[in-house]
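The annotation signal peptide is assigned in TrEMBL to 1-19. The annotation domain 'Deacetylase PdaC' is assigned in TrEMBL to 68-158. Here TrEMBL flags 178-253 as domain 'DUF3298'.
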Amino acid sequence: MKRKLLFSMGLVATLSAYNCVNRNTSQEDTSAVQNSLAPVTDTLDYHMEAFKEISPYFSADGTALDTTYYAARYPVFSAAIDTLVREAIFVDGEHTPSQVAESFLGGFNEYAEEQINSDQPSFHAWFRNQDCEVVLNVPGFLTLKNAISEYTGGAHGIEIEIWSNYDIQNRSKLALTDLFQDTLALRQIVEHHFKKQEQLSDTSSYGSAYFFEDETFTLAENFGLTRAGLLFHYNPYEIKSYAEGPTTLIVPYHALTDVMTDKGKRLLKAIK
């Protein structure tokens, strides 16, 4: 039995809703609401935590022992921010690393027991590593990069990156449309930089070398906010074969200012 890595490129952010303030609301409650709407002027406090758990079943090839494990490194914020970003850290719906370990190692243990009780008791070890880091932490904005690698048998494992961006003032996950008012113009700008990076002329077709449908360039759903620029990350198999690996593109912000929304321009101000 093999378990596959399940992940979602469209992670649903948890939104904090503001309660309506009626005419009889106390002065204290009104002040709290006003404070929640005030611009965020500071960065978020957080610390990093590490977790590792191994399976009790070891695999051997006659010369060495190997073990199946799940290991994670991830940031921990205040309770409110943790609620917002939890789905970006534990991407299969879990809430803690212990739950991830229980699911992943439980699947392996079941597989190992089946192999042990079969006529061919040998089996390969599995692993799952994840390293979630804070890439951008400026007043009002937060970006996380979650790098996950997993092997559950077969010719090779899989490595992915999941980028998630947040509007801290509104407690919401950011979409490109929050930052850019003209997504068609944005796509054209990004495609120009993509072709330059891939050493293609502006008139070159993509052909069979890329997996773009109808040879039409598409923006990666996986984007990140960095100090260097707007990052797009295509994981293996999205636009190229596994052998060619992932593709990461960074477009400098100065090339994007004309199509930015007011929120996008606030991001630039916060970065500077």
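Glycine is treated like the rest: Cβ placed from N, Cα and C.
Please treat TrEMBL annotations as automatic predictions, because they have not gone through curation.
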- the domain 'Deacetylase PdaC' (68-158): DSSP-derived helix, strand, coil residue counts: 31 helix, 33 strand, 27 coil
- Average model confidence [pLDDT] within the domain 'Deacetylase PdaC' (68-158): 95
- Item | the domain 'DUF3298' (178-253), counted residue by residue under DSSP: helix, strand, coil | 24 helix, 14 strand, 38 coil
